[in-house]
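Asker: The active site feature in Swiss-Prot is assigned to 80, 108; the stated evidence is similarity to another entry. Per Swiss-Prot, the feature site 'Important for efficient shutoff activity and nuclear localization' maps to 195, 198, 199. The annotation site 'Important for efficient shutoff activity' is assigned in Swiss-Prot to 202, 203, 206 on the grounds of similarity to another entry.
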């Protein structure tokens, strides 16, 4: 699974996931399913923000050309992927600027058009079950919840899906592709089932050989969302690195 993750996701997403796990004392080489889940969640957050801007009239627009326009502002602020200290700094700054209520838990995004924090969920289970778990944990009507599954299902607060259908379809397609790629390598069952995951871990520890059949070439796509990670905490070199294109699993 670890080899698959490093082949399937952008190196900067992998790095952010590793740092997040180490911050909580977790080892990506051992807890590989969690490693894959965190990388997937990060990519969904970036894709959620991709191409969405606010124009000078305050209207939400979609721009895919990548041409710079000084009158456009990113619609979403990405909070997920930052270390906890800086993430709370961003949240506090948003709250002070907009006057919105400070959440008790770190959200994943902030929507400048709707003026609300967003909690993104990616589940291997039933979407309604995961949604209820999220809602019960957050216990706040101010934070919008949007759940995606690997089967193409989704659920959002008050059935308000925030994004247009095409943008959501891109996310669903990516998740389905990840599922198919895992399944083709015999990794999906262990990713879904905790019992199977333990069995797979024991098997992985016995054999350190790289996973057969991993793609050696991947397609490239630039993600404008990575630019929104710039404020407050990145030097120019890291910003340039984050602007590197996403690496995707090779389609069969």
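Along the chain as shown, the residues are counted starting at 1.
Here the Cβ of each residue, glycine as well, is placed from N, Cα and C on the backbone.
Quick one: where do these features end up spatially?
Answerer: When secondary structure is read from DSSP and collapsed to three states, residue 80 (active site) falls in the coil class. Around residue 80 (active site), taking its Cβ as the centre, 22 other Cβ atoms fall within 10 Å, counting all chains.
DSSP assigns residue 108 (active site) to coil in the three-state reduction, placing it in neither a helix nor a strand. When Cβ atoms from all protein chains are considered, those within 10 Å of residue 108 (active site) total 24, not counting its own.
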